Amino acid sequence: MDFKCFKLLLLGGAVRLYFSRTSVAALIGNRVEFATPLNSYKRMQEGVFLLHQGIDPYSGDLVHETPLVLKAISSLFLNYAAFLPLLYILCDLCTATLLYSMSRSFVAQKLQQQRKESENYDKDSIELQYSEKDHYDIAKMVLVAYLFNPLTVMSCIGLTSTVLSNLLLASFLCALTRRHLLVCLVLLAFETVRSLYPVVLIAPLLLIFARRSAGLSIAIFLMFASFCLAIAGANFLVMNSWNFLDGTLGFIFYFRDLQPNIGLFWYFFTEMFEHFRTMFLITFQLNATVLYLVPLSIKLRKEPMLLATVLVALMAVFRAYPSLGDVGFYLALMPLWRRCWKFMAHGFVVFTFFLVTLSMMGSLWHLWIYAGSANANFYFGATLAFCTGQIFLITDLLFAHVKREFCLYNGQKIMIDGEEARILLE
């Protein structure tokens, strides 16, 4: 990392430190857009206190962090609570550094791939190819996109455990680009035991390490399952009880807390008759995990990092308890696909969706909860529009990738009967 990027890191840390000492931090920590039942600082604080008192934190329905994490941070919560913002800031800076390192490795691999395939590329596709300049520019854009995105900044100062999730995911992606299999498996297993949905990232991992070997794929999957069991066993040793499984993974899967958030679950399950709950619960969870996994894995089998990016984005949209910190993380990955931006047609629409819906969420929440002049439909309308904007962004990226791949081999100008043809995806 050069000195300019190091200064960006320091500036990003300074911004977080400044806002963590203002009243904004407490406000963000109580906002449903950032703090969910899974990542709330207050719930983690309660879990640490109960664990310290020798009370099972999972005997109630308040704590949903894993015992290993609670045990690891208990001394900091109890003895050095004033320094907790610094810990969260350091974790966020580590996440940014890992994303920077991952980006450089990713571009290096793209350049190596292009050298092998350049003979088949059309002469008109130079601007669509990664260049040596991208080695620095893309990594810097990823760094800036994470450090100075208001969503990641506010998630950090609100002391949400999304900061830890982002750190684990960034570590996984960095290890994935550097081809460190065991590190990938351990990190993915740990995050899967914490929040369930990252299990889908086993697909890009298998595509990188075992694309042409079914036997190796099975072996890697069994190793992943073994690591998950080992981490679950370590959590059991902390509590001497399996209650944490129901309090963490069970809580996520069965969606027991109907607190509003930026996702889709809460409104449907609030309005639903109880005898329909099981069917819709399975449907929603399948939609958040395996529904898109197989078709995307087949289509993007040659682009496992794009598959990982899309799966992380879909998790942020469809998971049971999403937060804006999850959205900020996958937005930081968008510069990796800079060479696809030329074909992304809905940038203005997506930006407008994001700007308007994020601006409206706060006011509609106030009108619903405090003023009493609105209802749940108003707030859900804003969150539904926000999710729609995210889907537009994801599909736009996928279509742009397909168009770029076509133009790399066929050129950007296709002539039919002497006239320039227009490329359409139907």
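From the backbone N, Cα and C atoms, a Cβ is placed for every residue, glycine too.
Listed in TrEMBL for this protein:
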SIGNAL    1-25  signal peptide
TRANSMEM  77-100  transmembrane segment
TRANSMEM  143-168  transmembrane segment
TRANSMEM  180-209  transmembrane segment
TRANSMEM  216-239  transmembrane segment
TRANSMEM  276-298  transmembrane segment
TRANSMEM  304-322  transmembrane segment
TRANSMEM  343-366  transmembrane segment
TRANSMEM  378-399  transmembrane segment
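Counting residues 6+ beyond its ends, the signal peptide (1-25) has Cβ neighbours under 8 Å at 85-86, 88-90, 92-93, 96-97, 100-101, 136, 139-140, 143-144, 147-148, 153-154, 156-159 in the same chain. At the 8 Å Cβ cutoff, the transmembrane segment (378-399) and the transmembrane segment (216-239) share fewer than 3 close pairs (sequence separation 6 or more) and do not count as touching. The highest tally of CB pairs under 8 A with the transmembrane segment (304-322), across 77-100, 143-168, 180-209, 276-298, 343-366, is held by 180-209.
If you count C-beta pairs under 8 angstroms between the transmembrane segment (180-209) and each of 77-100, 143-168, 276-298, 343-366, the highest count goes to 276-298. With a threshold of 8 Å between CB atoms, the same-chain residues lying at least 6 positions outside the transmembrane segment (77-100) that come near it are 1, 5, 9, 12-13, 16-17, 20-21, 25, 44-45, 48-49, 52, 139-140, 142-143, 146-147, 152, 156-157, 159, 163-164, 166-167, 170-171, 173-174, 332-333. Cβ atoms under 8 Å from those of the transmembrane segment (276-298) belong to residues 197, 199-200, 203-204, 207, 253-255, 264-265, 268-269, 307, 310-311, 314-315, 318-320 of the same chain, restricted to positions at least 6 beyond its ends.
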